[in-house]
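In what follows, a structure is listed as C-alpha cells, so that the remarks can point back to it.
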Amino acid sequence: MHVRVVDREGEERELEALEGWRLMEIIRDWGLPIKAECGGACACATCHVYVAQDWVEKLHPPREDELDRLDEAYDVRPNSRLACQILFSPELDGLTVVLAPELA
Amino acid sequence: MTNDNIITTDVVIVGAGPCGLFAVFELGLLDIRAHLVDILPKVGGQCAELYPEKPIYDIPGFPVVTGQGLVDNLIEQIKPFGPTFHLNQMIQALEPTGTAEAPRFRVVTDAGTVFDTKTVLIAAGGGSFQPKKPPIPGIDAYEGKSGGGAGVFYAVRKMEAFRGRDVLIVGGGDSALDWTLNLQPIARRVTLMHRRDDFRAAPHSVEQMRALVASGQMDMKLGQVTGLRGEGATLEAAICRDAAGETFEIACDTLLPFFGLTMKLGPIADWGLNLNENLIPADTEKFETSTPGIFAIGDINTYPGKLKLILSGFHEAALAAQKVHRYVYPDKRLTFQYTTSSTSLQKKLGVA
Ligand SMILES: Cc1cc2nc3c(=O)[nH]c(=O)nc-3n(C[C@H](O)[C@H](O)[C@H](O)COP(=O)(O)OP(=O)(O)OC[C@H]3O[C@@H](n4cnc5c(N)ncnc54)[C@H](O)[C@@H]3O)c2cc1C
Ligand code: FES
C-alpha cells in the first residue's frame, strides 16, 4: 500500500502506508515536513493537505469538526483535508496528496 | 519603572500549563509562594487550549479525565496556596542578578511586569501560544511592529488604536467575531471575511454580527485573502478569492487575521540556557538547568529517557521544589512528610 505525497517544493514521493494509520502519521513518520502540532486531535489544522481531484470522492466526507478546524488553515480549497482525519485502508492505495502551505 | 512596581518573590513559574500548576502545589507544601505567568488569557496550557474536551487516560488515579477537567482539578488542588496569575503576558527577559550560591533573577514580561525572584521554574511546554501568521505574500511589510508598517495585527492590545480605521477581520471563530463586535463601534468600517457562511463562534455573537450586517453597519464577505496591496508599508487593500475562484478586492488600511494559535519557543531561546533542539537540558535529580536557580519541568525539558507526559512533569515538579527550597530557605532543614499524616502539611492545606 502506498500514498503519493507532493511536498511544498513540488517534489513527489511514494511512501509506504500502513492500514489503520492516519495519513498524517504516515507523512510525519517518513520525515516529510508536516507540523501536526496537536498530534492528530483535530485541534490545530497544521496537517492540511490537498487531495488529488480523482480521490476527493473516494474518501469519507469530512466531519463537522474537521470542517470547523479547516477555518484555521490557509488557502483552503474544495479538496482540502486534515491529514490526521484520514485513516488509511487498502481502498486508499495510491492516494495522492499535496502538502498545503504552512502558517508561521 | 520605579522600585515600587517590582514584585519581589521566591519563585516565578514560566507557563501555567498542567506542570506549572502542579508545581504550585509542591512548592506550597514547602512554604514557597509562586507567581505564574502565561501568554494565554487562561490557565491550563495545551490541555485547555488544544484538547479541553478530549479524554486523558493516563493520569494516575483518574481512569479518565478531560483536558479541562484536569486543569479544573489542579486549580482546586492549589487553591490553598493562593498563587498569583499574570495572564496575557509573555516573559520576555530573564537576567541573573545574583550568584551561583545565592541566585537572583530579574524577570520582565512584555506587559512591563518586573519580578525580582530567587528562582525561576520554566514550565513552558512547547513554548508560548502565539497567533498563527498566514503566509500571504508580502505580509511582513505591513505588520504592526517597529520598522514595519501598521496595517496587519495578530492581536488587539488597545482598541483605541483602531479608531477611524477601515478594518478587515478574517476568521470564523470566537476571536474573529468578538473583535468584529468590539471594533465595529470604533472603526470607520469593519468587514468580516470568512471562507464559508458557517461560523464556529458562539451563536449569539454570530447573530449580533448578522444583525449589524442587515442594518448596514458593517460588511460580511465570503472568501479568503490571497494577497495584499499598498504603497510601501501602507496597506490599501486585500486581494481576495471567493468560493468560485473569482478574485475581488476589499479596501482596508488594517487587517486582523485570526487563524488560531501555534506554539513558538519565543524569548526562552535568549536566556542563555544551552538549548538542545529547542528543549532545555535539565538534570534528573532536581531538574535544574545549566544556570543554578533556573529549573525546567514538563514538556520543555530534556534528559535521557524523557517522556513528554503530564505525569512525568508532575514528578519533576516535586523534585525541583526540593532544590528551590534550598535556595529560598538556605538555613531550614527539609524533612520528608506525607500529606496523609503530617499535621503541619494539613495546616498548610487548610484541612487540619
Ligand atoms: C491532543 C493532545 C493530547 C495529549 N494527550 C496526553 C495524554 O493523554 N497524556 C499525557 O500525559 N499527555 C498528553 N498530551 C501532552 C500534554 O498535554 C503535555 O505533556 C502537557 O500539556 C505539558 O504540560 P506543560 O505544563 O509542560 O506545558 P504546556 O501545557 O505546553 O503549557 C505551557 C504554557 O507555557 C506558556 N508559555 C511558554 N513560554 C512562555 C513565556 N515565555 N511567557 C509566558 N508564557 C509562556 C504557554 O503559553 C503554555 O500555556 C497531549 C497533548 C496533546 C496536544
Ligand atoms: S494534527 Fe492537528 S489537526 Fe491534524
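The backbone N, Cα and C atoms fix where each Cβ goes, glycine too.
Under the three-state DSSP scheme, B:Y51 (FAD binding site) falls in the coil class. Sequence-distant neighbours of B:Y51 (FAD binding site): residues of the same chain at least 6 apart with a C-beta under 8 Å from its C-beta are B:T66, B:G67. Under the heading FAD binding site, TrEMBL lists B:C19, B:D38, B:Q46, B:Y51, B:I91, B:F129, B:D299, B:T340.
Positions annotated as domain 'FAD/NAD(P)-binding' by TrEMBL: B:10-304.
A Cβ distance below 6 Å to any atom of ligand 1 is met, among the binding-site residues B:D38, B:Q46, B:F129, B:T340, by B:D38, B:Q46, B:F129. In sequence order, the binding-site residues from B:C19, B:D38, B:F129, B:D299, B:T340 that place a Cβ under 8 angstroms from a chain A Cβ amount to none. With B:C19, B:D38, B:Q46, B:Y51, B:I91, B:F129, B:D299, B:T340 listed as the residues that bind FAD, the site has a largest C-alpha separation of 37 Å. Considering only the binding-site residues B:Q46, B:T340, the Cβ with the fewest other Cβ atoms within 10 Å is that of B:T340. Looking only at the binding-site residues B:D38, B:D299, the densest Cβ neighbourhood within 10 Å occurs at B:D38. Averaged across the domain 'FAD/NAD(P)-binding' (B:10-304), pLDDT for the predicted model comes to 96. Note: B:F129 (FAD binding site) has non-local neighbours B:I39, B:L40, B:E49, B:L261, B:T262, B:M263, i.e. same-chain residues 6+ apart with C-beta under 8 A of its own C-beta.
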